[in-house]
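Q: Here you go, one structure.
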Amino acid sequence: SEESADKTNLGFIHAFVAAISVIIVSELGDKTFFIAAIMAMRYNRLTVLAGAMLALGLMTCLSVLFGYATTVIPRVYTYYVSTALFAIFGIRMLREGLKMSPDEGQEELEEVQAEIKKKDEELQRTKLLNGPGDVESGPGTTIPQKKWLHFISPIFVQAFTLTFLAEWGDRSQLTTIVLAAREDPYGVAVGGTVGHCLCTGLAVIGGRMIAQKISVRTVTIIGGIVFLAFAFSALFISPDSGF
């Protein structure tokens with residue numbers, strides 16, 4: 001019984017470390033990172049953080065469920081298929097990183113800025129139609145608002161929607177599904193959520209400055225190495241080891 005408990009705890013820890021590692025290297029400099037960073041410069045940071053984290057948390061749970069559903073297939077198959085996918089992701093990220101220019105990521109930053117500007121214009125039109133009290137404005141507003149209104153404001157909805165749509169089909173979502181198929185699902189869920197919290201929190205606190213200074217090329221190359229390391233670990237860990 002004690003041996004089984006130790007094995008379960010070790011499986012959780014291994015899944016947690018794996019999830020938080022791959023999420024960090026996948027999300028730093030990603031589109032969702034830029035969305036949180038830019039919106040935090042314009043609007044209430046707590047509102048942006050709450051909307052983005054709700055979207056990322058929901059996406060992480062859905063991804064873990066998708067991955068866990070594949071456990072009906074014999075573990076030996078899902079283990080080596082997931083290992084092959086990690087190797088493919090790693091090689092692809094290395095190739096992308098080596099081909100990138102040192103200032104890569106500025107185009108995606110400008111794309112996110114244009115997308116948020118478009119949403120701002122839509123909010124302004126809504127404000128004109130419904131009155132100034134219906135839409136949360138930027139940080140310079142003097143209109144008093146109740147705290148609970150921040151969590152149902154258009155800015156919260158905008159942060160949630162943009163983040164959720166940007167994350168759907170993203171590398172981090174696919175990675176979470178693959179991890180949940182081979183690791184402890186609870187460890188993957190917790191590790192993935194913590195990883196998203198760290199990246200999104202960094203984006204919200206550091207804002208646009210971090211978004212402009214971050215080297216997407218370096219993060220991508222490091223991410224490729226991390227993915228290949230997890231694929232390489234399959235040579236030393238048995239599929240039936242429990243983690």
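The backbone N, Cα and C atoms fix where each Cβ goes, and this holds for glycine too.
Grabbed the feature section from TrEMBL, which reads as follows:
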TRANSMEM  12-34  transmembrane segment
TRANSMEM  46-70  transmembrane segment
TRANSMEM  76-94  transmembrane segment
TRANSMEM  148-166  transmembrane segment
TRANSMEM  186-206  transmembrane segment
TRANSMEM  218-237  transmembrane segment
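Situate these features within the shown structure.
A: Within the chain, the transmembrane segment (12-34) has long-range Cβ neighbours (under 8 A, six or more residues past its boundaries) at 52, 56, 105, 108-109, 111-112, 163, 166-167, 170-172, 175-176, 179, 183-192, 194-196, 198-200, 202-203, 211, 214-216, 219-220, 222-223, 226-227, 230, 243.
Packing against the transmembrane segment (46-70) from elsewhere in the chain are residues 32, 35-36, 39-40, 78, 136, 150-151, 153, 155-161, 163-164, 167-168, 173, 176-181, 185, 188-189, 192-193, 196-197, 200-201, 204: each is 6 or more residues past its ends and has a CB under 8 Å from a CB in it.
Within the chain carrying the transmembrane segment (76-94), a Cβ under 8 angstroms from the stretch's Cβ atoms is held by residues 70, 171, 174-175, 178-179, 181-182, 220-221, 223-231, 234, 239-240, all 6 or more beyond its ends.
Long-range Cβ contacts of the transmembrane segment (186-206) within its own chain (Cβ-Cβ under 8 Å, at least 6 residues beyond either end) map to 11-24, 27-28, 32-34, 36-37, 40, 45, 48-49, 52-53, 56-57, 60-61, 63-64, 67, 172, 176, 179-180.
The list of residues near the transmembrane segment (218-237) in space but at least 6 beyond its ends in sequence, with Cβ under 8 angstroms from a Cβ of it, reads 18, 21-22, 25-26, 28-29, 79-80, 83-84, 86-87, 89-98, 100, 175, 243.
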